[in-house]
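Visitor: Below you will find the structure I want to go over with you.
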Amino acid sequence: MIKLIIDGSEIEISEGSTVYQACIQAGKQIPHFCYHARLKIAGNCRMCLVEIEKSQKPVASCAMPVSNGMVIHTDTSMVKKAREGVMEFLLINHPLDCPICDQGGECDLQDQAFRYGKGTNRFHENKRSIKDKYMGPLIKTAMTRCIQCTRCIRFANDIAGIEEIGAINRGEHMEVTSYLEQTLDSEISGNMIDICPVGALNSKPYAFKARKWELKHTASIGVHDAEGSNIRIDSRADEIMRILPSVNEAINEAWISDKNRFCYDGLKYQRLDHPYIRKNGKLVEVSWSEALKTIMDKIKSVKPEKIAAIAGSIVSVEAMFMLKILLQKLGSNNYTVNQFNYKIDTSERGNYLFNTTIVGVEKADLCLLIGANIRQIAPILNSRIGRRVRIGALKVVRIGIGHNQTYKIHDLGNDIKIIEDLAVGTHEYTKAFKEAKYPMIIVGDGVYGRDDGYALLSLIHKVVDKYNMMRDDWQGFNILHNHASIVGGLDIGFNTAIKFEGVKLAYLLGADAIPFDKLKSAFIIYQGHHGDVGAMSADVILPSAAYTEQSGIYVNLEGRPQIAQKAVSPVGRAKEDIEIIKEIAGYLKIDIGMDNLQEVRIRLAKEYNIFANIDKITANRFTQFISIDKLSQEPIAARPINYYMTDVISKNSVTMAKCVEAKEERKRDVAKVFY
């Protein structure tokens, strides 16, 4: 530890820390623009100047390492004058257009100019003006406001892992731009908006919509992937205006994916706001009572074993649990959250989780990807892995036809024999796995989405056992899930095998990806919030609330249950999921023993211990899975997906549609350059 004095008070701080960090630890406010705790140090804005005794000039505190016996002053006349000078330089070419800037009210430059600026301007020459750069459909630029802090450049390089933003020219003529002014290629590019300290980078979908003080903030969870990123929903009245990240060091740090951030406009389109019944081949708007009575009559006319329920990809645990209880009361055990027919072993909880945990990947030294498209399935997790690779702390190898990643990967091939050789210890990478202290395997849908998924999973378990990847001090076996609801559904046993051909009544709880051709003779009830495939195939439609319109628990891929809070009211005559299921039970005169959300959660916590530990990861058992199924010789390949359209909300998002179009245009432009 190093001892130093800051404004007369002695503190201790670890060696290697900066003067800025020491000042913050001492409780001092140090203005800054270029410094960001999660980015590499640049030291180019000079706003964080402090006075250090025996130094003739003020020092940039963010770039100066501490040394023993340092005496630092943060509030002397020299420091004040230096900061005023720096601020004056920063404002020389700034347009001062705060009334029309989207950053107004939450702008670092505004706040620090007021707190540390002179209040007068001696510059009366013409200001420079810079042409706005095109960065795609998500980021709106106003580059005349840019103060060249380079935060966005460092984020692109160090966090996103794609070097697609840089600076051209020098001095006063310096400009920040994307290469060839193309659409940004990163799935987490929207985070540049958050870290920009001025109004140079803004959200295009949010442009000129609202001011910060007009918005209500609601803590929630991103449901468009299985990572469970913490988000903040900003709304005005009953309209969602924007979505921002909330800090959670164990999951998403301070970042979220572009899909979780921008696809909220999909909540405006194709919404189901009234109950419907199919009459004479056409869906007709009806009252709730008529829809519920029709369902009651149909359920009573069908044998219990012919009734099945399928949950979709963004359904809360409470809704699935309540529907499961209802079906059990009816005498049916046909219910599943596995609408894609994934081959996932559920014999123990550790067999279907991401056991290493998201933050735990920073401890791993060797990672094997098998059939996993981690960049598009879990962009935030991918960013963590990429940062470890770039500093040389982690080596990543891959089996399976993959997709372009944001870091260096060594491809072993796509043959199943590679896994067989690893399992018996004859592959060239056997030595690397034996020497690795913390090896991990990430299994994607290129494995559990195959017809022989169980057989392949059994083979992978042999590799896990061979290299002792699951032990008391390290859990290296990981399933990379695609959807927000699947782990929660597996946790409550909402996962029985269903033969669709024999189903006479299908209850679709937001499920749109099932084999509808096998349900041609079934009566279909669709409970959901968007008019997608499921609604178009339904005989009765029950409009429900989206995840922003009701509170619900979601369990992320590492097994952490979290609560998404209600931000706005349901549209039209739509109701919350558990309210609809409770009303159906009432019409059937079935007592499911739960009248409200609180009672559902109390019962969940009693029956499943994990739900008594919200926001926590519990210890889980893992057992080796053995399958007698036959392996095919089909090459392993991660399943291709359209990243921007993976669920009913993102499919109906205009912003996501623009992203798809922009990415296609980028591919065509790149092809022109190289071919």
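Keep in mind that glycine also has a Cβ here, set from the backbone N, Cα and C atoms.
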Visitor: Which candidate from Cys101, Cys196 does Swiss-Prot annotate alongside Cys146, Cys149, Cys152 at the [4Fe-4S] cluster 2 binding site?
Guide: Cys196
Visitor: Which of Cys62, Cys107 does Swiss-Prot put in the same [4Fe-4S] cluster 1 site as His94, Cys98, Cys101?
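Guide: Record source Swiss-Prot; matching candidate: Cys107.
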Visitor: Figure out which of Cys23, Cys34 sits with Cys45, Cys48, Cys62 in the [2Fe-2S] cluster site per Swiss-Prot.
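Guide: It is Cys34, as the record lists it for that site.
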Visitor: Enter the number of other CB atoms within 10 angstroms of the CB of Cys101 ([4Fe-4S] cluster 1 binding site).
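Guide: Within a 10 Å radius of the Cβ of Cys101 ([4Fe-4S] cluster 1 binding site) lie 20 other Cβ atoms.
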Visitor: Just to verify a number: CA distance, Cys48 ([2Fe-2S] cluster binding site) to Cys196 ([4Fe-4S] cluster 2 binding site), in angstrom, no decimals.
Guide: 17
Visitor: Taking Cα atoms as reference points, which of the binding-site residues Cys34, Cys45, Cys146, Cys149, Cys196 is nearest to Cys107 ([4Fe-4S] cluster 1 binding site)?
Guide: Cys196
Visitor: I'd like to know which of the binding-site residues Cys98, Cys196 has the most other Cβ atoms within 10 Å of its Cβ.
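Guide: It comes out as Cys196.
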Visitor: Give the nonlocal contacts of the domain '4Fe-4S His(Cys)3-ligated-type' (78-117) in its own chain as ranges (CB under 8 Å, at least six residues past its ends).
Guide: 31, 33, 45-47, 49-51, 58, 123, 127-129, 140, 142, 144-145, 147, 172, 196-199, 202-203, 206-208, 211-213
Visitor: Just name the most isolated of the binding-site residues Cys45, Cys62, Cys107, Cys149, going by other Cβ atoms within 10 Å of its Cβ.
Guide: Cys107
Visitor: Cys62 ([2Fe-2S] cluster binding site): which of the binding-site residues His94, Cys101, Cys196 is the nearest Cα neighbour?
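Guide: Checking each of His94, Cys101, Cys196 against Cys62 ([2Fe-2S] cluster binding site), the shortest Cα distance is to Cys196.
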Visitor: Can you give me the same-chain residues 6 or more apart in sequence from Cys152 ([4Fe-4S] cluster 2 binding site) with a CB-CB distance under 8 Å?
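Guide: Listed in sequence order, they are Ile165, Val176, Met192, Ile195, Cys196, Leu201.
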Visitor: Could you check what DSSP calls Cys152 ([4Fe-4S] cluster 2 binding site) once collapsed to helix, strand or coil?
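Guide: SS state of Cys152 ([4Fe-4S] cluster 2 binding site) = helix.
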